[in-house]
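As given in Swiss-Prot:
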{"type": "ACT_SITE", "residues": "604", "note": "active site, for sulfotransferase activity"}
{"type": "BINDING", "residues": "604, 605, 606, 607, 608, 702, 823, 824, 825, 826, 827", "note": "3'-phosphoadenylyl sulfate binding site"}
{"type": "DISULFID", "residues": "808-818", "note": "disulfide bond"}
{"type": "CARBOHYD", "residues": "226", "note": "N-linked glycosylation site"}
{"type": "CARBOHYD", "residues": "341", "note": "N-linked glycosylation site"}
{"type": "CARBOHYD", "residues": "391", "note": "N-linked glycosylation site"}
{"type": "CARBOHYD", "residues": "657", "note": "N-linked glycosylation site"}
{"type": "CARBOHYD", "residues": "793", "note": "N-linked glycosylation site"}
{"type": "REGION", "residues": "589-872", "note": "region 'Heparan sulfate N-sulfotransferase 4'"}
{"type": "TOPO_DOM", "residues": "1-13", "note": "topological domain 'Cytoplasmic'"}
{"type": "TOPO_DOM", "residues": "35-872", "note": "topological domain 'Lumenal'"}
{"type": "TRANSMEM", "residues": "14-34", "note": "transmembrane segment"}
């Protein structure tokens, strides 16, 4: 009994002691939490006067420079994984615009509220080098399983995260970011933004400097923290203490912070708003560079060329006088202090010399007396648009007049650059313009804003046609009517906004090479051209580490294609699909001469038979024959493509009814061409695609026999088995023959390439065996696929010729029209050794084809079913 009483007393004593200990612990924790928070508040207190001081002297404990774990870029592909709120969210679109302008590869996915994240690795390598969340809350609120997977991937593959937090009316005034020692204060109005010059992520951005004035909007988020992993990147002040009463307006607050990865091993950069504020765009680009280990980074070199079009052109009152020309010369010298080798590039139309007022004519004369101070390029003599000239000789006459004017007045004629008025004839290509340019001026370079389209500007590219390098041209907000500052469209503040962090600044920021289009009228009156580029150069110099420089046009073009060699080959489009393109395309030309469907091959599968069957239909019309490649144009897969769309369209007759008539072409080399799908989709995106498949082993053997019949030296020297089994040591002609035998049979690979550019509804796959045995049924299927009318009865129009061994067209009087002697040749059967080898060689390809056909909902041809049975 006493033992029980003692135990009860001891138990009560233990309970009291535990309760006392818990209470003391709570009091101590509360004290330190409170003092820690107060300490943090004190730590970030400073004044605006300190904003340009050494950041080490600022009272930020977290600003102490710390060692950051280097990013290992070898474990991942240089691709960004972007989680967006929706496909059309504004911030998501702004992020994509910067990624695309910077030419960074990315994959966009909708951020899952619940559910799995996309696969992050492939064959042991990370698929993404950086992860961006449009809404960082989607990241922190992930379920524990997926968040653990994501963070494990980030740690193992040295991957970082960028996140944005955009407060809204439903945001709490204060929030703690789940899983982080980080407090967020939402819906704050801010002003006077400065860059932390000690931030390790700065690359393009220069600090310290202050952007005075209120920041756009009152929905900003500021970050507070009490951990050494965080470092401020962008600092701001409160507009007033009304935002959050417990925050001081005499304090600098971080609206972008960098997480050095000291907390959990993952580096991050967090933004307290979207990208509407221009400095956020600048820091965002630097954050991508830093967090990707410089794999996704922009060079600091920027090449700019300022063209002044329409020299001597313009009505009275809009041209340059003597004072304007002197200002042009003075400003050119001023700009050279910030832009190495800066020189204005003047485009002249000699016909309009001395057509202004007396003062303006004197300005013309001073320009010509200063001819050696500038670079010069020819416009058209009469400022006519080249596409309005339908023959080369007329263009040559105009150019000769301008050239004679240049020679008379000492204007250099050998700079190799020209620009067409309104970019006419450059793209869409007017072949007469390119020929005349080369003949008269020896032009090597031109520029246009129209390729592939005017907007969005970030998609503009260069290309080379007829040995003339075409560079993308940029607008700068100055047009022929933009003469007076106060009358600038939308008000002068719009021009200033474009210069100071807006569209014009971003053009410089995101493009390594920029050719700006301006006009003579922009340098008279209020001289907005001078105002724009002086202020732009000052702004770029003040806020960035970019190195501005100018190169002559030909050197600039070579530099451009050194940077972007993949752009050398053009990608032709239908001029009638873009109103601007149609407006600068000759009215004598038509878009009706383009095919509605393509028979793409592959070779030796029955494409010629299908071609002849199609021609039997009264509404189906093929291309005209080529003198070199017979019934095949072979446009999309080879050098013919560089002859341009006019060359291609000349092969097609004018349809009597563009609605009911179906133009088509058959080129069997298209099937396995790497270029053809992309090129075809660009020019005829709505075209339907027909391909024929037979056993790839039979196709390979048929090609070999075809080459023997055409006396291919390699086919005559080596038997079929030697061809298909030859190794890397083989002579070039044998390797070429082997590729032509084997590679077209990779059916799934090639079809997937076409499906990357055309929808499944645009593709018809024909069973080659069925086409040979039952063509009428196949042709009924083809007619249905094309939607062609009237329905043509092939059962009555085709007859089997036992002597030929295939189906022929039945003519009046019982006569037949069959394929030529070269078709349907009888070859010795394939040897069993080759058959066995090819069956093994194509096994995986056939399995992939079966998966593809299943996905497309198409039946498996009999030959494929037989081959798959061998796999089992």
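In case you wondered, yes, glycine gets a Cβ from its N, Cα and C as well.
Most other Cβ atoms within 10 A: among the recorded positions 226, 391, 608, 657, that distinction falls to 608.
For the pair residue 608 (3'-phosphoadenylyl sulfate binding site) and residue 226 (N-linked glycosylation site), the Cα-Cα distance reads 76 Å. The recorded positions recorded for this entry are 226, 391, 657, 793, 827, and the Cα of 827 lies nearest to that of the residue listed as 'active site, for sulfotransferase activity'.
In this structure, the CA atom of residue 391 (N-linked glycosylation site) is 29 Å away from the CA atom of residue 657 (N-linked glycosylation site). The CA atom of residue 657 (N-linked glycosylation site) is located 22 Å away from the CA atom of residue 793 (N-linked glycosylation site). Listed in sequence order, 549, 550, 551 are the same-chain residues at least 6 apart in sequence whose CB falls under 8 Å from the CB of residue 341 (N-linked glycosylation site). Per-residue pLDDT, averaged across the topological domain 'Lumenal' (35-872), gives 93. Taken residue by residue with DSSP, residue 827 (3'-phosphoadenylyl sulfate binding site) is part of neither helix nor strand, so it is coil. Other C-beta atoms found within 10 angstroms of the C-beta of residue 793 (N-linked glycosylation site) number 11, with every protein chain shown included. Residue environment of residue 808 (disulfide bond) contains 20 other Cβ atoms, counted within 10 Å of its Cβ in all protein chains. When the Cα of residue 818 (disulfide bond) is compared against those of the recorded positions 606, 793, 827, the shortest separation belongs to 606. If you draw a 10 Å sphere around the CB of residue 604 (active site, for sulfotransferase activity), it holds 22 other CB atoms from the protein chains shown. Residue 827 (3'-phosphoadenylyl sulfate binding site) and residue 226 (N-linked glycosylation site) are 83 Å apart (CA-CA, integer value).
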